[in-house]
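See structure below.
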Amino acid sequence: GLKRIIEQNSSGKTPLDIAIWKGHMKCVKQFLLSSWLDTHIDIRELINADSLKDAINHNRLDILSFLINDTKQLAHIINLLIDVGGRYFNLLEYAIYLRKKDVIRLFVTVRIPVEQYTFRQQYKLFLRHYNQPFIQLGSSFFYQTPIQRMLTTPECISLVPLLLEQFVDNNGIDLSIIDDCLYIQPEKTRCIFGRGLNFSTRDWLKQHPLTLIAKANSKIIYDHQLVRTCVELKFHLFGNFLYFLILGFQSLYVALYTGITLGSPTPTKQGTNYYQMANYSCNALCTTLINDPIHPARDQSAIRVFRFILLIISCLGLLKEFYQMFTQREKYFHRFYINLIELHIYVSAIIYSVDINECTRQTGIRCSAQWMTGGIGLLSVWTSLLLVFMNGIKFGKYGLLFITVFTTFLKFIAVYIFIWIGYILAFYMLCKDIMEQFLPFNFIPKLLVMFIGEYDIDGTFFLDNNQLMPGAEGALILYSAYIFTMFIVMMNIMGGLAVADVKEFRLNAKREHLRSRIDVILGFQAYLGGFCETIGSITMKLSRNRKWRFLLSKTNMMLMKYQLEKLHITSDPVSIPYHISTSPFNMQVGHEQNPERSAVMSMNEGFEQVRPQTGYYVLYQTVRNTSLYHEDENMILSRKNDEIKDTLEESTTKTNNELRKIALDLQNELEDIKRKLTK
């Protein structure tokens with residue numbers, strides 16, 4: 001009997017496999033709830049990967065739920081691997097591969113008591129199983145964990161908070177699900193994210209879960225305490241120091257640029273100005289000012305030194321922008337407006353600082369074009385200071401609001417660009433002989449002034465006797481159309497868009513600020529990794545020093561929301577193949593609990609052992625968000641339907657058994673009566 005229960009047919013299926021394949025819940029329960037079978041047959045002989053693969057393929061949610069709710073069965077199935085084209089994935093990865101949302105929900109909502117610590121750790125390993133890429137078209141070619149696969153699968157993004165919640169318990173928060181390098185420099189020997197055939201810092205940055213979270217832009221993920229805790233701890237470890245350092249350098253650059261542009265000599269001391277000398281060449285302008293009989297231009301050695309410093313710094317900044325343009329590519333042009341401001345700053349500073357001839361070098365006098373370029377650059381250089389503020393300090397969210405509204409207006413202008421071109425050409429044709437403001441280069445500021453309602457129609461189209469200028473009828477009709485189209489229609493549309501942006505931003509300000517901070521902190525770690533590791537190590541040592549903590553408490557610096565002394569650094573080994581192999585057994589990649597076993601596998605099977613650095617933040621007041629586990633209406637109806645079906649089947653079985661007993665009793669009585677009558 002035992003042999004027949006686990007015996008396979010010609011298709012390689014056992015009786016339990018057939019029951020799961022057919023979806024016969026009653027048969028599955030008969031097998032798995034039998035105490036006799038539980039005593040005599042190992043669970044590994046009953047449940048195998050192929051049967052669970054069929055269950056996932058055919059959405060046998062009731063059977064999967066029944067299997068998962070039993071601790072012994074769950075401990076077995078989380079170790080099963082399913083063959084997919086020669087590559088092996090655990091059940092959660094296979095469900096993500098098939099985009100089975102309801103099945104994924106079952107696997108990430110298992111509740112394991114805190115007392116079962118060892119089993120809970122095994123379940124966590126199942127949830128963060130590090131494995132090879134999928135083979136389907138369009139999938140990433142990087143090794144990934146389930147959370148990375150879910151964040152890059154649109155159907156699974158809404159389930160990510162459920163996965164994150166499994167790493168939050170009553171004792172604290174486990175950061176290992178979304179981070180592999182808490183403050184250390186990303187390197188091949190210490191990081192797991194962004195690995196393919198090779199490892200690069202750019203791939204690490206692109207594949208980091210926090211980057212994928214920012215790209216997914218989901219409110220429910222941003223609001224999760226694990227994500228916020230990880231970002232804030234990174235800032236406390238090294239981000240705040242680097243941020244204030246960059247803010248200090250940027251402030252010094254702004255002060256240097258402003259001081260040089262406003263402090264450089266102008267023709268004012270000689271009783272003239274740049275506008276009156278607009279027709280002078282650069283050499284003639286400087287020669288005239290240096291030969292002025294009353295106030296000749298003098299040598300400005302101090303300004304010349306500061307101007308040279310500004311030129312060197314600006315050249316280095318411009319080289320940095322070109323380097324980022326070629327290395328970051330899509331990401332650089334995605335933030336085109338912000339990067340354009342930085343390019344304009346450095347180009348303006350270089351143009352303003354360059355000496356055209358010996359006269360300008362000695363006196364510091366700038367040519368007219370240099371003077372105008374430096375003045376316009378002042379706007380960009382102070383705007384850049386706002387952009388630095390908005391990435392770190394809390395009130396920087398208002399800077400993000402400005403960027404959001406400004407970007408919306410740029411999109412608006414781009415959509416209606418043909419209307420703008422039409423009005424520009426029409427006004428140029430009909431009005432260029434009436435007013436010089438409609439000549440090339442002049443009509444764009446004129447149209448912008450008209451856009452806010454300043455038209456001056458009397459002085460433009462009417463003579464001194466209030467008579468319409470002869471032949472101005474067409475221009476007047478064009479003016480009327482412009483007022484209706486631009487001032488009435490377009491202004492209302494733009495006002496509505498601005499109000500909608502502000503309202504949406506007020507609701508999402510914290511999330512937008514968090515996304516900006518994610519970009520900043522991971523950028524620090526990717527491009528200044530060594531510096532981050534040094535600062536992080538010093539910060540961790542100081543956080544363990546009692547005297548330092550006492551000093552912070554006296555200076556009210558202990559009021560920070562996250563205390564680093566509660567952070568425990570952890571490092572669990574991960575075994576990774578040296579090269580991607582066609583052998584399915586070499587492709588099974590996972591976390592190893594036993595370092596000795598991992599080391600043996602590393603030597604014997606071509607695996608290397610990586611110890612990613614992550615952390616556990618002890619917080620005894622941690623409250624799990626149980627509302628995430630609430631089932632949706634479809635799941636509740638499905639479960640109720642299954643319960644009703646089971647109840648009806650059970651009652652039907654009992655009724656049939658009772659009727660069968662009654663029928664047998666009647667048959668026996670009739671046979672007795674017949675026997676007596678025969679006698």
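All residue numbers here begin at 1 and follow the chain in the order shown.
Note that Cβ sites are derived from N, Cα and C of the backbone, with glycine treated the same way.
Remember, TrEMBL labels are computer predictions, not curated facts.
Residues of the same chain lying 6 or more positions beyond the ends of the transmembrane segment (241-260) and with a Cβ under 8 Å from any Cβ of it are 235, 303, 306-307, 309-310, 313, 345, 349, 352-353, 377-378, 381-382, 384-385, 388-389, 391-392, 520, 524, 528, 531-532, 535, 539. What TrEMBL lists as transmembrane segment is 241-260 (among others).
Among the features that TrEMBL reports, transmembrane segment is placed at 305-323 (among others).
Among the features that TrEMBL reports, transmembrane segment is placed at 335-354 (among others).
Sequence-remote contacts of a segment are chain residues at least 6 beyond its ends whose Cβ falls under 8 Å from one of its Cβ atoms, and for the transmembrane segment (374-393) they are 235, 239-240, 243-244, 246-247, 250-251, 253-254, 257-258, 261, 264, 338, 341-342, 344-345, 348-349, 351-352, 366, 399-400, 402-403, 513, 516-517, 519-520. Per TrEMBL, transmembrane segment is recorded for 374-393 (among others).
If you look up TrEMBL, you'll see 400-426 (among others) marked as transmembrane segment.
Annotation source TrEMBL lists transmembrane segment at 438-455 (among others).
The transmembrane segment feature in TrEMBL is assigned to 476-500 (among others).
Long-range contacts of the transmembrane segment (520-540) within its own chain (CB-CB distance under 8 A, at least 6 residues past either end) are made by residues 181-187, 201-202, 204-205, 208, 210-211, 231, 234-239, 241-243, 391-392, 564, 567, 569. The transmembrane segment annotation in TrEMBL covers 520-540 (among others).
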Spatial neighbours of the transmembrane segment (305-323) far in sequence, C-beta under 8 Å, 6+ residues away: 253, 256-257, 259-260, 264, 339, 342-343, 345-347, 349-350, 352-354, 364
